Number of protein chains: 2
Amino acid sequence: MEPISHNVFNFSAGPAGLPRAVLQKAQAELLDWNDLGTSVMEISHRSKPFIKVADEAEQDLRDLLNIPSNYKVLFCQGGARAQFSAVPLNLLGTKTKATYIDAGYWAESAIEEAEKYCTPVVHKAKIDVDGKVAVQPASEWVIDADSAYVHFCPNETIDGIEINELPQTDLPIVADMSSTILSRQIDVSKYGVIYAGAQKNIGPAGICIAIVRDDLLDLASDVLPTFLNYKVLAEKDSMYNTPPTFAWYLSGLVFKWLKEQGGVAAIEKINRDKAAILYNYIDASDFYHNNIHMNNRSLMNVPFQLSKPELDAKFLELADERGLRALKGHRAVGGMRASVYNAMPVEGVQALVDFMKEFETQYA
Amino acid sequence: MEPISHNVFNFSAGPAGLPRAVLQKAQAELLDWNDLGTSVMEISHRSKPFIKVADEAEQDLRDLLNIPSNYKVLFCQGGARAQFSAVPLNLLGTKTKATYIDAGYWAESAIEEAEKYCTPVVHKAKIDVDGKVAVQPASEWVIDADSAYVHFCPNETIDGIEINELPQTDLPIVADMSSTILSRQIDVSKYGVIYAGAQKNIGPAGICIAIVRDDLLDLASDVLPTFLNYKVLAEKDSMYNTPPTFAWYLSGLVFKWLKEQGGVAAIEKINRDKAAILYNYIDASDFYHNNIHMNNRSLMNVPFQLSKPELDAKFLELADERGLRALKGHRAVGGMRASVYNAMPVEGVQALVDFMKEFETQYA
């Protein structure tokens, strides 16, 4: 069968598409990496060639995000859900409370897990503005002063909500950036901990990045499993446990690819262009709708609904035939969702809009 | 540069070599899997094509190990070290003690982690027999009757020790089989929990198998991070958290490859042949030594020492030139170590022995 790869655009919310050039390089050297005659996944994580991979990946990420030297960069296992436990178990210290800003599904999942270890003080920030879903301004978020930290999720992948402000507090700010990391510029120095599952903007599923300010490394609970302990991971260069070496290597290739694109500032511009193409078309159409207030629309995950939900299946079928993959919305909200992470080129978004126009013309 | 892959034999203890045919298939379909036009690592774990991968991997493992229907097969993250925490947190229930049989480094690492959650009752089973390292017969192991379970590690990768008996007890037996799973036949019904990091006999680093008897699913501690909870993983088909999909897919390919080799009985025969070639040569030589009693020699990890340790570096250098990779022993014991997991063909072991002979002739 003829390969159709070059015509395919993958809108999966995660595990998501990776840059084609990265996969091509991985494919070329899958059986003979670095002239060793073996795959990179077949060598010891403690061997010199792999340590070079690991160190370069960390340095490239530091360069991309301009991470200050008083932050540790950890390559963890278990994904963001593991961090839902790891954050309270690493950061509570002698405190018993933490503030959680709630604007959607993933913030709520973090809260549910935190309840095992502390009393989460929850501030519900999702509101209705002119019939649209929005998030309160950060100035209105109520933060409990006795909290060990303030947790929020700047991008709610399922709802398509993005928060462009930080909690206004001197407490450590903890952010689940699984869907936004590397998609736009951030000031790492304003955070206590940033964590992100890789499978959206970094690499394959099975690795998770944690960026931890070094004054927060001495607060771990006695019941924290050691492989989730930030201090141990920092001291052992994320090799306390055998790390997921192939996922680490692929993440490193993605970081190098992103540098070649011009870094985070350059990709942010492209991401804003991509989002504008899609949102502008949806807003101009009477057939497609997005119910998120424009202040809080996600650059990465664009949910939209058809005016005739009975056409959802037809839309997905025809889109798939066109090579426009994985557009079905999350079961919690229905409709469609286009995830347009860094690896999605502008051409993919344009192809989607072209298809949406045709579909609207034929079926509206 | 000319590819040298076909001349290379990789004796890495883990991450270890994978079957060449598996890597070739993964390479061929890395950019266009299942005619989807995307990589298998770029699709949702909840998509039908991936669920088929996941289900087939589980069924193939069930077939290979003849796993009874009252056992759950879980694909976990975090490696065996995560299980060092997960085991006590999942199994203690209201009990406060667990018996640990100690015959080496990995058993001791499990004990150290268990001390966070219970009082491990440790039975030291490593003994000296005729100047060789051996393990007491299981009939002499002291098992505390109030234990929630009895933990042992049937293969100590670093020391090169294998235990061919089971604890004699009605308590649930928990085994860290990271280095032996699928290398020889076992009777799963005799165990409560079997766990194994993938990076030796299953797949790439970053995934860990747990096989759990279903009467042990209701004992979880309140402080167990949910992503390590056996019951939740069982109920969610190991997809509570986004699983490491590419590692799962590769593990499934390894299971299919092993079935093609004739299954575990057939590979056990090959493994015994491989081990015999190596140990017989070492025993016949005055230049190479293995200090493990023959009752407890590992089929998978063969450490050996040179009579002249000052030649270690030369040995490693010349072996590497010959394409015999990763023979350096663990820093805890020094010398050499040949790990000869399922993916190592007999030819690789023969090539190693041929080289050892030549080296002995030239330098002894």
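Note that Cβ sites are derived from N, Cα and C of the backbone, with glycine treated the same way.
Automated prediction, rather than curation, is the source of TrEMBL annotations.
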*Among B:GLN59, B:GLN136, B:GLN199, which is the one TrEMBL gives for the pyridoxal 5'-phosphate site where B:ALA80, B:ARG81, B:TRP106, B:THR157, B:ASP176, B:ASN241, B:THR242 also bind?*
B:GLN199
_Against chain A, in sequence order - recorded positions B:ARG46, B:TRP106, B:THR157, B:ASP176, B:LYS200, B:THR242 with Cβ under 8 Å_ = B:THR242
_Most distant Cα pair in Å, residues B:ALA80, B:ARG81, B:TRP106, B:THR157, B:ASP176, B:GLN199, B:ASN241, B:THR242 binding pyridoxal 5'-phosphate_ = 30
_B:ARG46 (L-glutamate binding site): nearby recorded positions from B:ALA80, B:TRP106, B:GLN199, B:LYS200, B:THR242, Cα cut-off 10 Å_ = B:THR242
*asked:* Can you give me the same-chain residues 6 or more apart in sequence from B:LYS200 (N6-(pyridoxal phosphate)lysine) with a CB-CB distance under 8 Å?
replied: B:ALA13, B:GLY14, B:ALA16, B:THR157, B:SER178, B:SER179, B:ILE181, B:MET300, B:SER339, B:TYR341
*Could you give the mean pLDDT over the domain 'Aminotransferase class V' (B:8-352), rounded to a whole number?*
97
*Among the binding-site residues listed here, B:ARG46, B:ARG81, whose Cβ has the fewest other Cβ atoms inside 10 Å?*
B:ARG46
